[in-house]
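Below is one structure, written out as structure tokens; the observations come after it.
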Amino acid sequence: MRVVACCKDGRVRIIDVASGATLHELVGHTDAVRQVSVSPTGTLLASCSDDRSIRLWDAETKLAIGVPMLGHTDWVWSVAFSPDGRHIVSGSRDDTIRIWSAETCTPVLGPLLGHTDSVRSVAYSPNGSHIVSGSLDVTVRVWDARTGDPILTLRGHTGTVPSVAYSPDGLHIVSGSYDHIVRIWDATTGQPVGNPLEGHSGWVWSVAYSPDGTRIASSSGDQMIRIWDASTGGPIATLRGHANTVFSVAFSPDGKRLASASVDRTVRIWDATDDWRRWDI
């Protein structure tokens with residue numbers, strides 16, 4: 001098992017989970033790398049950076065593909081592949097969203113305008129028809145992925161929304177916020193589903209659905225990772241071990257592992273099948 005990590009030194013690192021060793025370093029960005037996305041087939045990586053660029057990499061050869069994707073005028077916070085792997089969406093501190101061709105590394109659509117502050121997170125719906133975004137303007141927005149037209153504005157958070165994700169069936173959206181709250185929304189109507197998920201005592205930095213859609217993981221400045229029942233919103237587990245803010249969480253494709261990355265300079269792997277044991281990298 002391998003983990004892809006984005007780093008402040010401008011490098012993307014591929015780490016072997018068993019040994020903790022760095023297997024490869026992808027060099028090209030000239031400033032901090034904010035996020036890395038893996039294509040649906042696992043053959044490509046997309047990274048975004050404070051250098052205002054998005055870069056595409058071959059996951060096998062570890063070499064850069066094409067030219068850097070340029071157009072944003074400020075840091076690029078977030079990138080995500082479309083479900084068919086043909087497009088990449090990006091969100092930036094310039095308040096805009098852009099869509100790029102993963103085949104030619106050229107612009108396809110954008111800028112998408114509507115947010116009034118930095119766009120911190122972007123994600124495609126499972127069928128590729130919509131894009132969801134979270135912003136410093138405390139809103140979550142839904143867009144038509146084909147036309148770029150705004151569809152919904154989801155209001156309820158009172159702080160920056162640095163992470164959003166669709167449920168695997170596309171029916172719901174989860175968002176995490178600096179207001180310490182995780183919220184679940186109806187992806188069609190934009191209305192809240194159930195009560196807010198409360199428990200974190202710090203900013204919520206990252207949220208993720210398990211591949212089967214039954215669980216939600218959230219990470220926070222309170223150094224905790226919390227696991228929630230996606231249907232009821234009830235708490236399942238609290239994972240402790242990091243010594244600082246936990247910036248990111250992600251489930252493995254089979255749902256058996258959860259990876260977390262922290263300001264404490266560690267990546268931890270958790271057994272998501274039962275007892276939530278952890279391995280440190």
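Cβ from N, Cα, C; glycine included.
All TrEMBL annotations are machine predictions without curation.
What TrEMBL says about this one:
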- 26-67: repeat 'WD' (REPEAT)
- 69-104: repeat 'WD' (REPEAT)
- 112-153: repeat 'WD' (REPEAT)
- 154-195: repeat 'WD' (REPEAT)
- 197-238: repeat 'WD' (REPEAT)
- 239-271: repeat 'WD' (REPEAT)
Worksheet item: Among 112-153, 154-195, 197-238, which stretch has the most Cβ pairs under 8 Å to the repeat 'WD' (69-104)?
Response: 112-153
Practice prompt. Would you mind splitting the repeat 'WD' (26-67) into helix, strand and coil residue counts from DSSP?
Written response: 0 helix, 24 strand, 18 coil
